[in-house]
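Asks: One structure is given below, represented as structure tokens, and several questions about it will come after.
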Amino acid sequence: MSKSESPKEPEQLRKLFIGGLSFETTDESLRSHFEQWGTLTDCVVMRDPNTKRSRGFGFVTYATVEEVDAAMNARPHKVDGRVVEPKRAVSREDSQRPGAHLTVKKIFVGGIKEDTEEHHLRDYFEQYGKIEVIEIMTDRGSGKKRGFAFVTFDDHDSVDKIVIQKYHTVNGHNCEVRKALCKQEMASASSSQRGRSGSGNFGGGRGGGFGGNDNFGRGGNFSGRGGFGGSRGGGGYGGSGDGYNGFGNDGSNFGGGGSYNDFGNYNNQSSNFGPMKGGNFGGRSSGPYGGGGQYFAKPRNQGGYGGSSSSSSYGSGRRF
């Protein structure tokens, strides 16, 4: 990366995915539009490596996060006569999480301490946008706080901006933040990722994006077989309406080895958060789902993502 392309802020935070492009849109016309809001250090329309035909999405990278914010605040955008959908680009690592491409206005905040009040959450998260609702979850029987909360914003971009940040400190303690998905959204994440053909905002670089032929496979990756939002329990935050612990009603969805990505021992509230009954995370091409924070582990044989490979799918072109 050249000096001019390495400002203080990480590149991932300065990058936008642009979906819904006209097939007539070129790198030049995309650049011409988005450089109205700042200096672009990179701009590319993703194309099929064989036919060179546009895949209908691209990426623009600004010199500063401030310019990204300006572009997002200028929505809606129309490029070559077509309204396009800009979103904060999702990193390679984050793109493996179910629902990473979904547009939501609510976040899950885990690992918060018992003395954390609503004002602590508001004071921290209002820097990202207008907050509509804050819910600190408590045990229905004892009234004791359960160590997590939900925050709802008025704009999905606030959520997108928050989740690409790796570290958040609320009330003096580090916490973990994820998009909050309802049952239907989890099911959508399970089914839609099987053949997205590159329409998602997964893409860290010039090459792959998330698209391709059958990515995320039909062999159990996030679908059926006890995956996140799988078949038996349907997934969802708070299966029976009482918070975060009801991920699959039978423990099959979102199982793990005792914690949600190692940031909170939510399983002590419910057996539903325990080991999976459904086998492996990611079917045949990755390791076990749970245990020691493996839930978000990168699949082995990962290929295509963000590179120049023609397969553009996870698993080095393997099809399930």
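The backbone N, Cα and C atoms fix where each Cβ goes, and this holds for glycine too.
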Asks: Say a student had to find the asymmetric dimethylarginine annotation in Swiss-Prot: which of Arg82, Arg92, Arg122, Arg206 would be the correct pick?
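Replies: Record lookup, Swiss-Prot, feature asymmetric dimethylarginine, residue Arg206.
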Asks: Can you dig through Swiss-Prot and tell me which residue of Arg55, Arg88, Arg146, Arg225 is labelled asymmetric dimethylarginine?
Replies: Arg225
Asks: Of the residues Arg14, Arg31, Arg140, Arg218, give the one that Swiss-Prot describes as asymmetric dimethylarginine.
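Replies: Matching Arg14, Arg31, Arg140, Arg218 against Swiss-Prot annotations yields Arg218.
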Asks: Across all protein chains in the structure, which of the recorded sites Lys8, Lys78, Lys179 has the highest Cβ count within 10 Å?
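Replies: The residue with the most neighbouring Cβ atoms within 10 Å is Lys179.
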Asks: Could you state the CA-to-CA distance between Lys179 (SUMO2 cross-link) and Lys78 (SUMO2 cross-link) to the nearest Å?
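Replies: Distance between the two Cα atoms comes out at 27 Å.
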Asks: Restricting to the chain of Ser22 (phosphoserine) and a gap of 6 or more, list residues whose Cβ falls under 8 Å of its Cβ, or answer none.
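Replies: The list for Ser22 (phosphoserine) reads Ser54, Val79, Asp80, Gly81, Arg82, given in order along the sequence.
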Asks: Given the recorded sites Lys113, Lys183, which one is most crowded in terms of C-beta atoms within 10 angstroms?
Replies: Lys183
